[in-house]
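Visitor: Can you keep this structure in mind? I'll have questions shortly.
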């Protein structure tokens, strides 16, 4: 299961709690077609990579986090380690690209 981070405080706490594990966050929106298409694949990846932590942020419900992370398009998948954003990210419903970046950064 992939949980939603509903507030900026939830986001900050999730990164802190993850320690040095890779965290992947799907910045998504309920009205975004490509977001809905990749959502089941994202859940599959959470099962495929049990050593990686997966979350979602709805950009409309948690706009404070979306703004702080400079999200311009959905879906955007950002990667974090030790509480810091990595330079890698994936924009768009690119399953192969997302899987590749997870393997590279975990």
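Our numbering is plain: 1 for the first residue shown, then up by one each step along the chain.
The backbone N, Cα and C atoms fix where each Cβ goes, and this holds for glycine too.
What you are looking at is a predicted structure, and each value in this text was computed from that prediction instead of being measured.
Below are the features listed in Swiss-Prot for this protein:
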type	residues	note
DOMAIN	2-106	domain 'Thioredoxin'
SITE	26	site 'Deprotonates C-terminal active site Cys'
ACT_SITE	32	active site, nucleophile
DISULFID	32-35	disulfide bond
SITE	33	site 'Contributes to redox potential value'
SITE	34	site 'Contributes to redox potential value'
ACT_SITE	35	active site, nucleophile
Visitor: Taking Cα atoms as reference points, which of the recorded positions 32, 33, 34, 35 is nearest to residue 26 (site 'Deprotonates C-terminal active site Cys')?
Guide: 35
Visitor: Could you please provide the mean pLDDT value for the domain 'Thioredoxin' (2-106)?
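Guide: It averages 97.
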Visitor: What counts of helix, strand and coil residues does DSSP assign across the domain 'Thioredoxin' (2-106)?
Guide: 44 helix, 28 strand, 33 coil
Visitor: Could you tally the C-beta atoms, other than its own, that fall within 10 angstroms of the C-beta of residue 32 (active site, nucleophile)?
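Guide: Cβ-Cβ neighbours of residue 32 (active site, nucleophile) within 10 Å number 19.
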Visitor: Residues with Cβ closer than 8 Å to the Cβ of residue 34 (site 'Contributes to redox potential value'), same chain and 6+ apart in sequence?
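Guide: Once residues fewer than 6 apart are set aside, residue 34 (site 'Contributes to redox potential value') is near 74, 75, 92, 93.
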Visitor: Select the most exposed residue of 26, 33, 35, where exposure means the fewest other Cβ atoms within 10 Å, treating these as the recorded positions.
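Guide: Each of the recorded positions 26, 33, 35 was scored by Cβ atoms within 10 Å; lowest is 33.
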